[in-house]
Amino acid sequence: MQNAGSLVVLGSINADHILNLQSFPTPGETVTGNHYQVAFGGKGANQAVAAGRSGANIAFIACTGDDSIGESVRQQLATDNIDITPVSVIKGESTGVALIFVNGEGENVIGIHAGANAALSPALVEAQRERIANASALLMQLESPLESVMAAAKIAHQNKTIVALNPAPARELPDELLALVDIITPNETEAEKLTGIRVENDEDAAKAAQVLHEKGIRTVLITLGSRGVWASVNGEGQRVPGFRVQAVDTIAAGDTFNGALITALLEEKPLPEAIRFAHAAAAIAVTRKGAQPSVPWREEIDAFLDRQR
C-alpha cells in the first residue's frame, strides 16, 4: 500500500436503534421484538470508517451531541484510524438517531432524528477551510444541511481539492452544486432523481451519465447493485462487474464502496482497479450484519482480491 493523499469526509453520525420483530405493529398495537441492538451509523460516519479501515489518511467533519452516545461514537471513530479533531460536540443537542424496525421478511421501516447533524453549519465548514483546502479529496453525502455541502464544495473547488459526492439520500440538486463535483456515485434511484432517466440497463446508465457530464461532472459512477457499476469518464463508459457473494445484510454496502473507492483513487490506482477494490470491500461488508461492524479492514480486502486472481 503506497502513501496516498489526504481525505476529508464531511457527513452525518447516527446511533442506529434496531429492533427485529416478526411483523410491524399497527397503530395502537404493541409488538414484542426478538432482537435489539444499538449500532453506529450515518452515511458520513460509515464512509469515513470504510476509508479509515481501507488505509486512507482521513479526517472527519461532523457533529455529535453532548451525550453518552456521542462520546462512544467519537471513541469508536478514533479506533478506526480517523482524525476526529473536526468532529464538533453540540451543547444541549442529542446525537443523531435512527429508529429501525426490521420484520421477519427483512423489510424495514425507519424514522430519523437529525439531532446534532442539523448543526453542521456553513460556519463550522468555514472553520475547517484550511483542512479542506489542503486535502487531496473531499467526500460528502446528503444527510448534512445542503448549504454546508455547498460551502465545503466551493472551498474544495477553489483549492483544486477533488470533490466526490455520494448523492444519498436521493433528492434533486441545484446545478450550482453539481458543477463543483468531480466524482459522483449515485445508485439507480439517485441517478433517476438527478437526471430524469430511469436506469434499468447499461444504455440507460450511459444516458444518465451523459446528463451528469453535461452538468460539469467528469467522472460518473452509477452503482447497479449486483450488476456492478457503470463507470463513465467524459462520456467514455464501461460496466465494471462486482463479486458474487451470499448477502446477509446490505445496510452499509454503498457506504463501504464509496469510502474504499476514494481511498484507492488517492493511491493513484486506475479507475477500473479502484472500482474493483471498492467492490471487494462492499462484497465483504454484505456478508456481515450491521453498518460499521460489517466494514472490512485493508488486510481483509487485499486477501479477498488475492483469492479472486
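For all residues, glycine too, the Cβ spot is worked out from N, Cα and C.
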Swiss-Prot substrate site partner of Asn14, Ala15, Asp16, Gly42, Lys43, Gly44, Ala45, Asn46, Glu143, selected from Asp255, Asp302, Asp306: Asp255
Annotated companion of Asn187, Thr223, Leu224, Gly225, Ser226, Arg227, Gly228, Gly254, Asp255 at the ATP site, Swiss-Prot, chosen from His157, His279: His279
Annotated substrate contacts Asn14, Ala15, Asp16, Gly42, Lys43, Gly44, Ala45, Asn46, Glu143, Asp255, maximal Cα-Cα distance (Å, integer): 16
Least surrounded among the binding-site residues, given as Lys43, Arg288, when other CB atoms within 10 Å are counted: Arg288
Residue among binding-site residues Leu224, Asp249, Asp255, Arg288 with Cα closest to the Cα of Ala45 (substrate binding site): Asp255
Sequence-distant neighbours of Asn14 (substrate binding site) in its chain (C-beta under 8 A, six or more apart): Phe40, Gly41, Gly42, Ala45, Thr95, Gly96, Val97, Ala98, Ile112, Asn117
DSSP state at Gly290 (K(+) binding site), helix/strand/coil: coil
Spatial separation of Ile251 (K(+) binding site) from Asn187 (ATP binding site) - C-alpha basis, Å: 14
